[in-house]
Amino acid sequence: MKKMHGFTLIELMIVVAIIGVLASIALMQYQNFVVRSQVTRVLMEAGELRLAVEQCLNDGTTTVGNGANECDPRASGSNIISGASQNPEIVIAANTGVVQFPNPLTEETALTATFNNSAASIIHGKKLIWQRQKSGSWYCHSNAAEKFLPSGCKYDASL
């Protein structure tokens with residue numbers, strides 16, 4: 001009698017099933033990673049404007065614009081944020097948006113970033129806000145799911 005070599009059909013099917021389960025777990029983790037990285041990116045893009053807003057407030061130039069005694073925080077365009085440039089003299093690239101802020105700037109200015117359709121579908125339309133307090137400190141809050149937020153940003157369902 002010859003000795004058999006190789007795998008049986010059932011053994012091969014079990015291996016394929018195990019690989020399928022592992023691949024589905026890895027895909028879910030990757031999708032969560034993509035969303036978290038997009039939220040962190042917008043957190044940083046919006047956060048960059050805090051220094052410019054502080055400078056404007058300290059200089060007493062609270063009206064947004066390019067003229068004398070006006071302030072332009074120079075929000076950069078992002079392909080995962082929606083929102084038109086608030087300075088009519090500045091044109092941003094197509095399919096990009098900028099962080100929104102009030103005009104005039106106040107001691108409690110909010111820098112608001114809204115995720116557009118280029119962001120992961122689970123965060124479309126969600127907001128991330130850097131809120132200034134009268135004391136001069138800033139805090140972050142968002143209505144994106146808490147599991148996607150960095151540790152310094154709090155979930156806020158009211159946004």
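Backbone N, Cα and C define each Cβ position, glycine as well.
Going by Swiss-Prot, these are the annotated features:
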- 7-29: transmembrane segment (TRANSMEM)
- Phe7: N-methylphenylalanine (MOD_RES)
- Cys56-Cys71: disulfide bond (DISULFID)
- Cys140-Cys153: disulfide bond (DISULFID)
Review point. What Cα-Cα separation, expressed in whole Å, is found between Cys56 (disulfide bond) and Cys153 (disulfide bond)?
Key: 24
Review point. Among the disulfide-bonded residues listed here (Cys71, Cys140, Cys153), which has the Cα closest to the Cα of the residue listed as 'N-methylphenylalanine'?
Key: Cys153
Check your understanding: Which one of these disulfide-bonded residues, Cys140, Cys153, has the sparsest Cβ neighbourhood, judged by other Cβ atoms within 10 angstroms?
Key -> Cys140
Practice item. Count the other Cβ atoms sitting within 10 Å of the Cβ of Phe7 (N-methylphenylalanine), across every protein chain shown. Key: 11
Revision key, fill the gap. Cys140 (disulfide bond) sits from Cys71 (disulfide bond) (Cα to Cα, rounded, in Å) at a distance of 23
